[in-house]
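As recorded in TrEMBL, the features of this protein are as follows:
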TRANSMEM  14-37  transmembrane segment
DOMAIN    20-225  domain 'Cytochrome b561'
TRANSMEM  57-77  transmembrane segment
TRANSMEM  89-110  transmembrane segment
TRANSMEM  130-151  transmembrane segment
TRANSMEM  163-183  transmembrane segment
TRANSMEM  203-224  transmembrane segment
REGION    250-290  region 'Disordered'
COMPBIAS  252-262  compositional bias 'Polar residues'
COMPBIAS  263-290  compositional bias 'Basic and acidic residues'
Amino acid sequence: AALGTRKMEEYGRFLALLASTLLIGFVSVILSLVWVFHYREGLSWDGSPGEFNWHPVLIITGFVFIQGIAIIVYRLPWTWKCSKLLMKFIHAGLNTIAMILAIVSMVAVFEYHNAKNIPNMYSLHSWIGLTAVIFYSLQLFLGFAVFLLPFAPLHLRAVLMPIHVYSGLTIFATVIATALMGITEKLIFSLKNPAYSASPPEATLVNCLGLLLVIFGSLILWMASRPHWKRPPAENAKILRPIEATAEGTEVESTMTNSSNADKSDLRTNTEAARKQNLKFDEAGQRSTM
């Protein structure tokens with residue numbers, strides 16, 4: 001009873017944290033829209049400042065908010081009854097959407113700069129931002145090739161999974177840091193009268209947006225790093241069933257041809273050893289937040 005109560009309390013804490021995180025992420029997206037429509041020139045695709053405005057809106061919507069959801073999608077308790085393959089597709093799909101939005105946002109910046117004869121790729125913000133997009137693309141490609149398609153051997157998945165998780169979280173944190181650099185840079189360039197240093201309402205709004213992005217990222221990283229909120233390994237053991245079924249089938253056939261108790265004991269021992277070995281690989285290669 002005490003264990004059940006503790007689990008319910010833990011479940012309640014997770015739901016409260018999840019709801020808070022999603023609310024903060026959603027408000028961040030809304031604030032980015034308020035910023036560009038109320039203080040800037042709205043959204044357009046004609047080489048005007050309205051085309052540039054797609055950049056912060058799509059980065060915050062896709063590269064921050066949607067990527068954050070993709071990171072914690074395995075942690076949602078009501079998805080633990082779903083197959084791991086389905087959750088992989090959802091995880092990959094959300095990351096793909098985030099990637100597409102990030103690329104469109106970068107195209108908008110380059111087209112705007114070219115239309116206004118503004119140099120490209122001169123700031124630290126642009127350097128780190130492009131690096132994040134490149135690594136994110138590589139992360140997405142390797143994720144598809146190694147973890148989604150059924151061709152990669154289990155030991156390779158076990159080796160690459162910690163790298164996949166670490167690089168995913170690092171890219172996410174880097175994206176938020178780059179976004180903070182970008183909105184600060186935009187305010188310094190755009191606010192002239194009154195200047196950024198005079199703290200006009202636009203500066204206050206965007207500074208609050210930056211704070212929300214930091215809080216959102218911190219909550220996502222917290223949920224992704226709590227081991228007790230991982231997808232239970234018992235669910236992942238389903239992947240081993242074909243292996244175990246084959247081993248059990250071999251044992252049955254051997255029992256039919258040789259009824260020796262010693263032989264059956266040896267076979268059971270070997271089967272159990274194989275199962276534990278596969279489970280070890282499975283826990284290393286499948287239990288993850290990414």
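Here the Cβ of each residue, glycine as well, is placed from N, Cα and C on the backbone.
Here the transmembrane segment (203-224) sits apart from the transmembrane segment (89-110); fewer than 3 CB pairs are under 8 Å, leaving out pairs fewer than 6 apart in sequence. Counting only same-chain residues 6+ beyond the ends of the transmembrane segment (130-151), those with a CB under 8 A from a CB of the stretch are 63, 88-89, 92, 95-96, 98-99, 102-103, 106, 121, 157, 160-161, 164, 167-168, 171, 174-175, 178, 290. Mean pLDDT across the domain 'Cytochrome b561' (20-225) comes to 96 in this model.
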